Every structure is written in structure tokens, then in C-alpha cells.
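K.L.:
Here you go, one structure.
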Amino acid sequence: MFYKALMLLALGSLSAHGASVCPATAPAGAWGLEYQVSASQSGAEPRQVQLLRRGAQTALYSPEHQMAEWWHFEDPKRPGFSRVFDQQQRRIDYYMGDLRALGVQAQQEEVESFAARHLLGQLTKQGSSPCEHAERYQGEINGVSYDLLWSPVLAAPLAIVTRKGEVERRWQADKLLGKDAVNARFATWQRYRETDFADIGDMENDPFLAKMINQGFIEHREHAVYNDQGQPLATGHSH
Amino acid sequence: MKKIPQVMSALGAAVATALVAMAADAAVLPTTQTDSSWYQDGAAAVAAKVAQARNTGTAKNIIFFVGDGMGVSTLTAARIYQGQQAGNSGEENRLSFETFPYSALSKTYSVNQQTPDSAPTMTAMITGVKTEDGMLSVSADSIRGNCLSSQGNELKTALELAEDRGKSTGIVSTARITHATPAATYAHTPERDWEADSNLTAEAVANGCHDIAYQLVMDAPGDGLEVALGGGRSYFLPNTVTDGEGAKGRRKDGNDLTAKWSEQFTNAAYVWNQAQFDAIDVTKTDHLLGLFEASHMQYEADRADDTAGEPSLAEMTSKAIDMLAKNDKGYFLMVEGGRIDHAHHAGNAARALADTVALSDAVKAALGKVDLEDTLIIVSADHSHTFTIAGYPARGNPILGLVHEPNDEAIAVNAATADDGLPYTTLGYANGPGAKQGARSDLSGIDTTDVDFLQQAQVPMGSETHAAEDVAIYATGPGAYLFQGNVEQNVIFHVMNQAGALGGSKY
């Protein structure tokens, strides 16, 4: 009963906020969604994460950390990947061989959909939606209950609420970013000093890269709905 | 492979010596011992050593293979890996160069670091002088990243000496040909990162330092290198150009160095994919530039999946020798297995081993084309990695697999477990991406032989690091006998200089 009550609370929240962004058509060229990400765990502060899309390029950007994970799927079988560090104006580029050597297997549609595409086939589509141009899906997978508000025109979620036990996580799109903002950000990142991931181990003299070597890459998993292997957190297994 | 006359002439004597020795041993040793294949093979090996004649002649040609990051543990694991790929237990296998008659250990420390990077180590091997980390063929009197400080401190390389002697020269690498190891053969720079002009500092530009790609084409020694094959295309193309595989150039100066290559040299050709590489007629081409990737070439394990196709290290080596051997005065060729290092940095043993086997195949290809009477072949590494082969796996246990101890009943079923109750792999790293914060992952049910598996590591790091222990040197051909015992890494240059009469100094 307690679980059901929490579910209703969660769904009620989604209904209340689900329509703040609900486009009827996808903006031409480039667009982005800014999500508010929060968790019910004590001490977990709400954070922002942006999903930026332009053609075959998708980036997940954390304004708080000023870091992005930027995917290129011009050749879907051989994606390119960059970690972007705004503060240092640096970029780490991963070629296909680097991703393979690290065991990273990213699916284009999962990255582009904020890792929600896999949920559609496993959840039940609801008859009503808080948004005229969005579809609502609900259900439970592996003990996690989901409430998903999906935008068919963007092929991305407008909101996701998950609950496992007493822990609730929510991703809520509250702003649609226009093409100028997205293009400007991609152009800025393109100008950053780039380093191939394969070269990092040989460049311990570079203070920025030395930090990468010694401390690894900061994974902002609290923002992402996929893990550091590029797999949706709710599915898959990585070694 | 062509035969070494003095070794062949001694073969009959060697066999006779072995038989005499075994006959004498028979008087004091039981037949259980002397009939053993281990015993007989060992005796034959010693007899061959006894019969071995030193080739003190001059090396008309020198081929120097460098496995980047190919430490001794990598050689052992690759040897087993290759043997098991062929369906054998593996341990008895030998990489192509492990059959060479002479070997030594090389101390790899640089002037300022216990554990070095590829820049000072290749500088030591190619110039005879150790320098500081990050610097290519300039002395330690230079300051890293400071152009002015390096001027006047340039060190002449074995490749440049060969050019001065009228020999043909070449470099081959699976890494970028502007990367530290190949670059140290032809470039002089206080910063290995200056691969394109866009990497130069304002001070470097103001003081007239040129980037490494520019040096290869525009500041080339002698009449220019005859062969340069590998990766790094983007460092040769303007940033306004997108190459045939969709990558942008990195040059800000507008120079298309691939075009300059053809303008600069006679009978020159530039290729960037497998088909173009295959179509090159070596009889009509005197200067060949091949850039098969925007950055490093593919790992050998992934090479077949490349967009435009790219040649193997063995294919590049073979074509390079065909190109260089046209010169009656001989040649100097450096071949790097450049991606062994990168796979190790990623904590991915399978790719590191596959690329080590690719280097072994390249050596084999060279052996099939040269006469060891006048060609010195050296195989070594710049530095090692924190790569380990551990536990007590049974003979023939899959080298990439979990450790199964030599217990007849359990070997096929149960993996050995550590104190934490979890199984472990034979191969591991002291540090790197394969480490976890906290408890180790349970590898039960995980396919650790998968090419993408990251071996577990002790210390969590974003990139696995180099290691400081000695690496091996293997040699055959004229002057090879000079490699004995434990030597400083810069001794390699002096052997090449001596054996090849390169004129760097008189001995």
C-alpha cells in the first residue's frame, strides 16, 4: 500500500510538470532539452543536464560541472566520442578503437533518446497524457517502476520518473533550447584543444591530462540514465 | 628466409658436438634424463650456440623494430597468445624475433624520469644520447616546450646519418608517423606534442621552430625519406579540409603537406587507403607517403573493420623494404608497433597482445625479404607497462582467461579463487581503468577472453601507466653480437652506428 501511495505521488508529480515542454514539431536543424534532475535520497541536490542534438551529433552536458559527453554517429557503426571540459577548454577525443579497447558499446538511439528508447517496448502506453503532443508510458522493469512522458517528434523523453524502494529519481525537461544556442555550444567545443584518448597515457607532463591519468574521468552518473559503459542503467551488463 | 652462411657451415659441427656431449652425459646420467625431449632440445640449443659464428661484417641495411610499450611480460603473454591462437598450449611458442641469436636487456630511464615516455627512450635509441621526457632528438640541455632552448641542441639520428651516407630511409608505424617514436628518427623538437603547427606555442613560432609533420616533409634530411607509412593524416592537412574518412585536418597554416610531399620529392606518391597502397608500383615510386588514419591506425584486432581499409604492419614493412632495397648503398628502416602501448594504457590486454603478434609478423615479413649476411635487424621496446602474468595457471590455460590451477579434476570446472573468494585472471595491471573503487568485481560467468575485456587493476587510474623495468633487445645480422648483457638504452644507437658504418663516430 505504501508503495502504491508513493507511485501515485510520483505520477501526480509527472502530471503536474510534464507539459512544461511539449513541442508539436521538432525544431529544424539543432535543438536541445534542459532537464531538471532530482532524487529523493537525502542530500541529493537537484541538478541540470542538457540533451543537445544536431543531426547525427548528440551531447549530454552538465552546466554545473561544465562537462559534456559528445557523440558523433555520422557512421553509426563507428561512432566518435568526445569528453568536453569547458573550464579548461579541452576536449578528449575517442576514436572507435579507443571505445572498443575500453569496452564502451553505445547505441545511437539510446544516446539520442537520453537512454529512454529501450523503455518504450517494455512499458505500457497509457490512454491519456498530460501533454497533447507526448505519449505516456508506465510499468515496472526489474523492480523499478517507470513513468515516462515521450515526445515522438523529438524522439526523446520529456520526463522520466523512476522509483525503486523509497528512492525516486526524476528527469524533467523544463526548457527547449533553440538551434542557435546548440550550434554555438558545438562550435565552441570544436575550437577547444583536443587530445586523443590514446595519447593521454604518454602526456603525464600536461597538468590537465595528469589529472585525467591519476584520477580518471569524472563520471557524472547522477545525471545520466546510462552508465559509464554507454548502456542504459536499467538494462544490460558490463564487465 | 635467406641463410646465414657461417651459421649454416657450422651446422654439421654443431650437431656432431651435441651428439658427443650427449654421449658423454650418458655415462653419468640416466637414460630417463638423456632421452627426454627437454634434455635433447636443450643440448641442441647449446650446441647451436657453440657453433654460432659472429657476423662481424658491415650492415649495409639496418631494420630497427620498436614495440611501443612492449615490456617483457607483454612478450611472454603474446608468445602464449599466438601459440594458443594456433591451437597449441602456447608456452612453447616463440615470436619470430625470439629466435634471434643475440639479446640483451635495456635500461629505459630518461635523464629526468625513472619511468620514461616514448620521446626520450626513442631519442636514446636513435641518437645515442639520453634526454628528458617529452623531447625528441634534442639534448637534455633543452627545456621541454621551449623552442629557443632547443636550438643548437639538436642530436643527429641514425636515420639522418644513413641519409648522409646515401642510403635510403623509411619509417613505418601503426601510430601517427608524427608520434614520438617515429618522429624522433627525423624531427628535432623540445615538445613531442608539436605534431601540427596548430600545436605550436607563440614562443615556438616566434623562434622559428617547425612542427613535426612539417619537418618530415619540408625539413627532411638528405634527399628526403623514401618511405613514411602510418597514421596521422590530419596533422598533414589544413583545417579547412575533410579527408576521405570524414575527419578534419588540423593545420592552421593552410599547408597540405600530402601535396607538398609530391612537389618536394621526385617520383613521389601519397596514398591513404588499402586499395591505393596495394596499387603502388615500387619500381616507379621513389618516395611513398601513406597516411591511413586521421590519427593512429586501427588496432590490429579492429583493422578489418576500417572504413577505407588499411594495410597491416607486415604489409607496410614488406612494401617499405621493396622500396628501400632499390638503393645499392643500402637502407635504414624503423618500424614501430605503435598501438601495443595504447591498448595497455586502456587496460585492454587482448588488443595489446594482438598488436604484439602483428609486430612479430612484421619481423617475419622482413626476414623473408632480406639477407642476414648484410642486414642487421634489431627488435626492442621503448619502455614497459605495469602488465603482469600472475597466479599459478595450468600449462595451456587460456592466457586471457581466469586462472585454473593444474589440478586434473578441477581445471575444466573451477577457477582458482583469491582471498576475497573471487576468481582472477592470469593477466592484470598494477594500475589503470580496469580497477574499481572498493571490492573487485566477480568475474564468474564473464568472458575474460573477449577482446573488449579490461583486465582488473590494483590502482584506479584513467589511463594505465608505463613501467620502469628493463625491456628486451633481440638482434640478428652483422653486429648483432654486440648486444649482450644489460645495457643502457642509448647503446642501441652505437651498435647501429658501428655495425652499419654510419659515420657517427669511429670505433
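One is the number of the first residue shown, and numbering goes on along the chain from there.
Every residue, even glycine, has its Cβ placed from backbone N, Cα and C.
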K.L.:
Of the candidates B:Asp41, B:Asp68, B:Asp133, which does TrEMBL annotate as part of the Zn(2+) site that also includes B:Asp341, B:His345, B:Asp382, B:His383, B:His466?
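P.N.:
Candidate listed by TrEMBL for the same site: B:Asp68.
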K.L.:
Compared by Cα position, which of the recorded positions B:Asp68, B:Ser118, B:His179, B:Thr181 is the closest one to B:Asp341 (Zn(2+) binding site)?
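P.N.:
Smallest Cα separation from B:Asp341 (Zn(2+) binding site) among B:Asp68, B:Ser118, B:His179, B:Thr181: B:Asp68.
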K.L.:
Can you check what DSSP calls B:His466 (Zn(2+) binding site), collapsed to helix, strand or coil?
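P.N.:
Once the DSSP labels are grouped into three classes, B:His466 (Zn(2+) binding site) ends up as strand.
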K.L.:
At the Cα level, what's the spacing in Å between B:Asp382 (Zn(2+) binding site) and B:Glu336 (Mg(2+) binding site), rounded?
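P.N.:
Here the two Cα atoms lie 10 Å apart.
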K.L.:
Just give me the nearest neighbour of B:His179 (Mg(2+) binding site) among the recorded positions B:Ser118, B:His345, B:His383, B:His466, Cα to Cα.
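P.N.:
Going through B:Ser118, B:His345, B:His383, B:His466 one by one, the closest to B:His179 (Mg(2+) binding site) is B:Ser118.
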K.L.:
May I ask you to pick out the binding-site residues among B:Glu336, B:Asp382, B:His383, B:His466 with a CB closer than 8 angstroms to chain A's CB atoms, ordered by sequence, or 'none' if no residue qualifies?
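P.N.:
Out of B:Glu336, B:Asp382, B:His383, B:His466, B:His466 lie under 8 Å of chain A.
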K.L.:
Measuring Cα to Cα, how many angstrom lie between B:Thr181 (Mg(2+) binding site) and B:His466 (Zn(2+) binding site)?
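P.N.:
Here the two Cα atoms are 15 Å apart.
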K.L.:
Highest Cβ count within 10 Å among the recorded positions B:Ser118, B:Thr181: which residue is it?
P.N.:
B:Thr181
K.L.:
B:Glu336 (Mg(2+) binding site): which of the recorded positions B:Ser118, B:His345, B:His466 is the nearest Cα neighbour?
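P.N.:
The answer is B:Ser118.
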